[in-house]
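Annotated in TrEMBL:
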{"type": "REGION", "residues": "1-232", "note": "region 'Pyrophosphorylase'"}
{"type": "DOMAIN", "residues": "9-136", "note": "domain 'MobA-like NTP transferase'"}
{"type": "REGION", "residues": "233-253", "note": "region 'Linker'"}
{"type": "REGION", "residues": "254-452", "note": "region 'N-acetyltransferase'"}
{"type": "ACT_SITE", "residues": "H349", "note": "active site, proton acceptor"}
{"type": "BINDING", "residues": "A366, N372, Y373, S391, S409, R426", "note": "acetyl-CoA binding site"}
Amino acid sequence: MSQRTCLSVILAAGEGTRMKSAVAKVLHPIAGLPMVAHVIKAAEAAGSGDLALVIGHGADEMRKATQKFALKAELFVQDKRLGTAHAVLAARDAISKGYDDILVMFGDTPLIDPEVLVAARLKLAEGAAVVVVGFRTSNPSGYGRLIEKGGKLIAIREEKDCTDEEKKITFCNGGLMAIAGKHALQLLDQVGNNNAKGEYYLTDIVEIAGGQGLDVVAAEAGFENVLGINNRAELAEAEGIWQTRRRREAMLSGVTLIAPETVFFSYDTEIGADTIVEPNVWFGPGVTIATGAKIHAFSHIEGATIASNCDVGPYARLRPGSDLRQKAKVGNFCEVKQAVIEEGAKVNHLTYIGDARVGAGANIGAGTITCNYDGYSKFFTDIGEGAFVGSNSSLVAPVTIGKGGYVASGSVITESVPDDGLAFGRARQRTLPGKGKELRERFASAAARKKG
Ligand code: UD1
Ligand code: MG
């Protein structure tokens with residue numbers, strides 16, 4: 001298979017009006033990645049080296065967005081939405097370069113399993129000219145029906161063009177097709193628009209190919225693979241299916257999820273064996289977790305690297321650039337951003353560490369804040385190895401706490417503390433013996449005078 005060349009044509013010229021969105025439908029994310037990028041990833045995983053993305057509405061937006069996830073994709077604009085065959089032909093220049101296999105996919109069908117694409121390509125390799133990916137459903141309404149005769153696929157009939165008898169067929173067109181490259185253009189060029197919708201239907205190439213004596217076959221796949229998204233309810237349904245698949249994969253690879261249905265992964269979350277994830281944890285994009293970590297309940301983690309045996313949460317927020325080295329601890333109600341927490345360091349309670357380094361073994365007391373921002377620029381706080389920062393301290397960046405340095409509780413530190421130094425950044429305490437009692441009596445008699 002690997003020696004066969006393959007182009008994937010991904011159709012995304014639909015307007016997606018039912019999303020009720022200013023954002024193009026296929027750019028709505030599933031697991032943090034635009035749905036069309038999921039399609040592209042599947043195409044690539046199935047060995048499709050080249051990609052053609054057919055867009056219509058919002059071409060500029062799409063061009064900008066695809067820079068992030070589909071640098072290799074060539075964009076084609078379908079000016080008028082005249083049907084799926086017309087859309088595929090918008091990519092004529094790419095198709096005519098000559099490929100063994102052409103895969104046609106929809107940009108709004110993000111759960112396609114690469115295995116299904118591989119299976120379709122295999123059928124091309126075995127000599128089929130057209131492979132249609134079909135699925136069975138008890139509710140076929142709205143889908144094109146696969147018309148078979150003597151075990152052979154002879155046509156696809158769109159719902160609007162079906163007879164009452166044909167409407168009863170439950171084997172439907174999932175929309176995905178694999179076409180032998182050497183036949184693709186001549187088949188597509190013969191498609192007309194003499195049908196109920198007056199559109200150029202891609203599905204018509206089945207009958208055209210059959211008429212030429214070419215081999216046309218159906219490949220069956222599970223419904224999830226061809227689940228198309230038209231509105232936000234379907235978007236959530238697809239997200240749910242994606243998450244269920246991913247949770248299972250994580251558990252089977254050695255990750256403990258105590259309540260899997262409450263843990264949400266991103267498309268790129270990497271998580272090592274023997275990590276335990278407690279209930280209600282959210283992983284945004286860019287998270288890598290090594291082995292044996294504990295992620296306690298209600299933590300929100302994105303753009304973070306967590307080394308082995310770290311302890312995070314409960315209720316921790318790790319923002320992009322958080323880098324926790326082995327056995328580091330970030331405890332409850334702590335926020336970390338763009339900071340390295342070195343080996344064995346502890347940031348345990350109600351603390352904000354941003355734009356900083358916390359040296360190995362350092363201990364950050366409850367309520368410590370790195371004051372990293374003056375309203376215009378961000379500044380760095382460097383906390384040395386083994387330093388101890390007393391509770392409720394503000395470290396006003398740029399500032400350095402030296403190795404083994406001590407900061408007294410409640411300090412506002414504006415000047416750097418040398419290695420092994422001790423800094424008090426607060427007013428000295430005054431204690432007046434007996435003064436408390438005197439004050440209480442004075443206030444009590446004042447109140448009595450007012451009443452009387
Ligand atoms: C299509 C199939 C139908 C199948 C169903 C599966 C055809 C004629 N029909 O119907 O057999 O059961 O998908 O979901 O292919 N698009 C363009 N330009 C166009 C028209 C469509 O880019 O001019 C894109 C859409 O954005 C969408 C895809 O092609 O991603 C499918 O179009 P859609 O209108 O949803 O086709 P269906 O009527 O659902
Ligand atoms: Mg559709």
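Cβ atoms here come from the backbone N, Cα and C positions, even for glycine.
Between the two most distant C-alpha atoms of the annotated acetyl-CoA binders (A366, N372, Y373, S391, S409, R426) there are 22 Å. Neighbour list (Y373 (acetyl-CoA binding site), Cβ cut-off 8 Å, at least 6 residues apart, same chain): G354, F379. Taking each of the binding-site residues N372, S391, S409 in turn and counting other Cβ atoms within 10 Å of its Cβ gives the largest count for N372. Only residues 6 or more beyond the boundaries of the region 'Linker' (233-253), in the same chain, are considered here, and those with a CB under 8 A from a CB of the stretch are 19, 28, 30-31, 35, 110-111, 224, 227, 260-261, 263-265, 269, 271, 273. Across the structure, R426 (acetyl-CoA binding site) and H349 (active site, proton acceptor) are spaced 21 Å apart at their Cα atoms.
Listed in sequence order, the binding-site residues from A366, S391, S409 having a Cα within 10 Å of the Cα of H349 (active site, proton acceptor) are A366, S391. In the three-state DSSP classification, N372 (acetyl-CoA binding site) falls within coil.
In sequence order, N348, H349, L350, T351, S391, N392 make up the list of same-chain residues 6 or more apart from A366 (acetyl-CoA binding site) whose Cβ falls under 8 Å from its Cβ.
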